[in-house]
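Listed in TrEMBL:
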type	residues	note
SIGNAL	1-16	signal peptide
DOMAIN	131-200	domain 'Ig-like'
DOMAIN	347-427	domain 'Ig-like'
DOMAIN	498-615	domain 'Ig-like'
TRANSMEM	624-646	transmembrane segment
């Protein structure tokens, strides 16, 4: 029965986008054409009869709708012309499918039982939401590139970004320089929706072209004199292909994409010139990358197989640039007599271009987080929500931003570096709130996740009974809530929270908070005042599990420690290694340093469960440990060598002494046999 009841509630609450407004608000109420609109009129519905009037001509003939006893009087409601999609429940007027005629200024009149009357005002604006966005580019003969943006909807506001940088807002078209390259985005929004379209902008086809090496290029030339000699620098711009051009008279560094072609423009005509191009190294040395003398070229081996020099326009072309091509370059020009006429520096930076951008979103612990990841060098990211910039800064592979759980709209992550730009936009909807169901005759505690919906089943037919819910604090003024005819009457328990309602004998708390935890008692009375039931229920609100992070530390003592961390209340940890359970209960666990395989940390509480698995490899041998071990081995070998030398020396001394003692004994024996006495020399 409880399961069927829960499914019925879920079916009732599913479907279209809801917009909530109140007659207490000062700002206009904006709603989208075709959406559901809930107008909160009063909280204590039993105290008032209501009259809702739409101001048209400011006369008595303006359409009205009267509400008495908590019901719309259809005979006295010409405001909605008996529209079946307009209902009134617990002080809230619900329009299931709003139309343009619902726009206008409304007056709510509250008639109390003592004859007094009060007024509230609300302006309602119904707007058509944004349709698909289209962006087009037109190049004019005057050298102007015009980007235009179009969409459907009401009260449209436009904003533009180029490679992630904001441009002028407000107009549906914008003029750009003909040399503009990158990603341009048009954001369109109104009060109820937002859409965005990004396209790639390429150079306008040049009106003045010359054929050069089978590729269509356009150029401008700059001439200047140094010490009486005229030098002409050309700026070549390729209409197609990923070629990048830099010149030695530019003030900014030269950036090129890894793997692309780089053209270094030096002079217009290199014939009969002596030219030296050096690359300065970090250790104060330098290498000569290119040398031109007597119309002959000499290139360094680092670029020899992937470069070429064009004498006609003085351009060094390096194909398939690599990171090692980055550096500070110096160009020197000499006259025929050997005197130097020109010296300029140019920093060259090679960057990996931006890869694909991935944006993901997750809900946990009453927060929504969005993550953005991409590949590339020197990445700068920026977040925009419905066209408004949230945050920006440097990114190292991935960045995460925290949003309110009720965030709704289009969120974009723009990623750029000096040579490329990419963007990804996804639709963000409010975090869904799960429904938890409990009833007052259950023996176990009632658990609910922070921010979710809690349904407390009291009775199946609330019209037959009077109900009292009390929070048990063991004081004489415990807060209570009285329910009669399936409506809340006197209720200091929930302090007039609009998200707390009673429907069909079920107390529904939307977005439970920590203050909803506690011990409750329900008492049920018959119409004659006799008590028929009372039951107690313990409600526990817990924060759900957030993301789980697992880290590994290898100690010098040969122990691998794996630690697990997460957000949430009453966390319980469990571990598995290659699918086999390990010790449970602790947020960290010690393993042998040779452990290899997949280790998983599972974190759960009464309302949620999350798991993270990482690959564990044997701890690498510590360099300090190797050095200490080598030192100990050297000391041991030294001790063994010294002991060996000592033993040899001791053994040699012992052998000489033995020979001398043997000779002395032999001489003594001979003297005894012959009767000869010991001479003075023998005594020595």
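All residue numbers here begin at 1 and follow the chain in the order shown.
Backbone N, Cα and C define each Cβ position, glycine as well.
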Let's see if you can do this one: DSSP helix, strand and coil counts over the domain 'Ig-like' (347-427), in that order.
0 helix, 57 strand, 24 coil
When secondary structure is assigned with DSSP, how many helix, strand and coil residues does the domain 'Ig-like' (498-615) contain?
3 helix, 69 strand, 46 coil
Per DSSP, how many helix, strand and coil residues does the domain 'Ig-like' (131-200) have?
0 helix, 41 strand, 29 coil
